Amino acid sequence: MAKKNFRGRNYKGKNAQRTNDTESGWAEINKENEKWETFYKAQNLLSDEEFAEFKESCKVPLPLTFRITGSRKYAKEILDIFKERHLKYLHDLQFEGEHLPQPKPLAFYPNELAWQVDVAKGIIRKNPQFAKLQRFLVIENEVGNISRQEAVSMIPPLVLDVKSHHKVLDMCAAPGSKTAQLIESLHADTQSPTGFVIANDSDFKRAHMLVHQIKRLNSPNMVVVNHDAQMFPKTYLNNQVVKFDRILCDVPCSGDGTMRKNVQIWKKWSIGDGLGLNKLQFKILQRGINLLANGGRLVYSTCSLNPMENEAVVAEALRKNKDIRLVKTELPGLKSAKGLKTWKVIKRDGTEASKGEDAKYGDELFPPSEGEDFNLEDCIRVYPHFQNTGGFFITVFEKVDSTEDEPLVKKQKTSENSTSTTPAPKKERLSTQAGDGNEPFNFLPSDQEELKKCWEFYGIDPTDSNVVDCCFVRNATGEPSRIIYLSNPTLKDFLVSNEEKLKIVHSGLKFFVSQRTDLVCKWRIQSENLPIIKSKLSDARVIDCSMELFEKLLKEAFPRFEELEKDEHEFASKVSQMPQGCAFVKIGRGDELEELIYPIWVGKNCINLMLSKKETFEVLYRVFNITTEANQEYKQGPTLQSSTAVIGESTADSNEQAPEEAGQ
């Protein structure tokens, strides 16, 4: 029997909904649906005994799960902090006389970088040790070091097996947790991958929600677009049709595998849900197969357990496409069931349909015939009672050598050519859909006057095409005014080659932000770009900083040069001779921990560390084990054995003041 989450007395949570029928205003949702139970029992998924276990598991709310982002070199550092400052204090705890289980790693996720907390939200808030963990997760999530994500949602990106050079398409990407995982995989072995991720969603508002999710990862190697997945446009790169190395096809579905989270499904589920989605799901999958490169891998997934949405769609794809095959994939530690080789098609009235008797129930809904050997058992089914998760379905396709031969594209106009093929640098405009509320993308020539000032000021090699040819602005004039963004060479070529085809919502990473105009260089480098750009900066704008001074800069805003001179003579001497503007402090932490580098603003008489309030909180806690007290959210921050300092409201706020004030 799957272990139930302990929810505590009087806990309402997601099991209840507000009504006007009771004195308390709450009524428990009836977690029964006779049609659902009859339908799934008819499919012979499980024995009667195991079906009862499965059903009971569907009634229990999901545990909290999170991932430590694998694209960060300091992922191990975050994991060690979690274990040393939180996990070891979360054993043998009780609440109202009941034992609270200790968080545990997800068995199928590599390197203990994903964890499960099987304690209700209400109890987490009330128990001091779990409340400390919650605040840690919130802060690290906001800066991109941790992602909150359902356990089963982590599986498709894992089996997709993304490498740094892959061109990746996420066809139905919002809300973006899987997309974030794909981007992390792209950066897993290098800060400068040559591949990219195209994240698509058909809903414009959801596409913007997707942007919010993936911007935390600070990657220039992604673009968010807004297209109907079943008609995703043909795109081009280097005068050839783009075929993607990896495609995630996580299609819209009935979602009946999410009953533990979306309890309204108990009331709303109907047989027609899966039947009505089958054709749309197949069309999206078919478009994905058409866009897949030879030898490429496509993952089809749903959060449904309905064979109409799963094996039936997969079988039809195999029937229509002789150049694809299923790949048997196993994740060590994942408990799963094989895909179904046979199933029953149930009509909307609850009776069983026979093949060919009714045009409403086409052949594509039915199991393969005896002569069709599709190896559907290689599909992956995850049931909630296996490992205390939601329900999920995953299939891995591979395209073998295809005879399809896409024609070459006619030579692009000069203004559309990528940097690698353009003889003379010109400003390249990449339009977005008219009237969509987005501003156009305009790539800048590397010798643009403002960019030349930046290259000289920061010592960036003006011949380094990976940087200087990949800058763009988002405005109608095409001139740098407030923000300059950074892309990567391959993605830049892709965007420019498809300017009339793609409805772009977001791309790139903030590189330079305009500050005061009376300086040698008014542009400061954004901290989110430093992991990529730090190796390209000259020593003239980078200063070695001791751990003691770094702590001081985190706690104090605008320390003056004469104050720094007392304890940090060499540092103060160098920084006081620098031209005003953006510079960087570099902090060594020994061989085991990653070197740190952060931006500062050098004024006439003082400096200031240019980090947001949230970033400051996170660094103080991660590096120095210091808890902050700046607002209600963080007032009760982790009380740790070695923590002695508390940073007040005024100090934390001062780090967000405009850098111009540092020059006063």
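Placement of Cβ uses the backbone N, Cα and C atoms for every residue, glycine included.
Automatic, uncurated: that is what TrEMBL annotation is.
Lifted from TrEMBL, the feature list:
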ACT_SITE  Cys303  active site, nucleophile
BINDING   Cys172, Ala173, Ala174, Pro175, Gly176, Ser177, Lys178, Asp201, Asp228, Asp250  S-adenosyl-L-methionine binding site
COMPBIAS  1-12  compositional bias 'Basic residues'
COMPBIAS  635-657  compositional bias 'Polar residues'
DOMAIN    54-400  domain 'SAM-dependent MTase RsmB/NOP-type'
REGION    1-26  region 'Disordered'
REGION    407-442  region 'Disordered'
REGION    635-664  region 'Disordered'
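Features recorded in TrEMBL, as mapped to the structure shown.
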residue: Cys172; record: S-adenosyl-L-methionine binding site; DSSP class: coil
residue: Lys178; record: S-adenosyl-L-methionine binding site; DSSP class: helix
residue: Asp228; record: S-adenosyl-L-methionine binding site; DSSP class: coil
residue: Cys303; record: active site, nucleophile; DSSP class: coil
Pairwise Cα distance maximum in Å, S-adenosyl-L-methionine-binding residues per record: Cys172, Ala173, Ala174, Pro175, Gly176, Ser177, Lys178, Asp201, Asp228, Asp250: 20
Cα distance (Å, whole number) from the residue listed as 'active site, nucleophile' to Cys172 (S-adenosyl-L-methionine binding site): 13
Under 8 Å by Cβ from Gly176 (S-adenosyl-L-methionine binding site), same chain, sequence gap 6 or more: Ala199, Met209, Leu210, His212, Gln213, Ile214
Long-range Cβ environment of Cys303 (active site, nucleophile), under 8 Å and at least 6 residues apart: Val152, Ser153, Cys253, Gly255, Gly257, Thr258, Gly390, Gly391, Phe392, Phe393
Residues near Lys178 (S-adenosyl-L-methionine binding site) in space but at least six apart in sequence (CB under 8 A): Ser153, Met154, Pro156, Pro157, Asp170, Leu248, Asp250
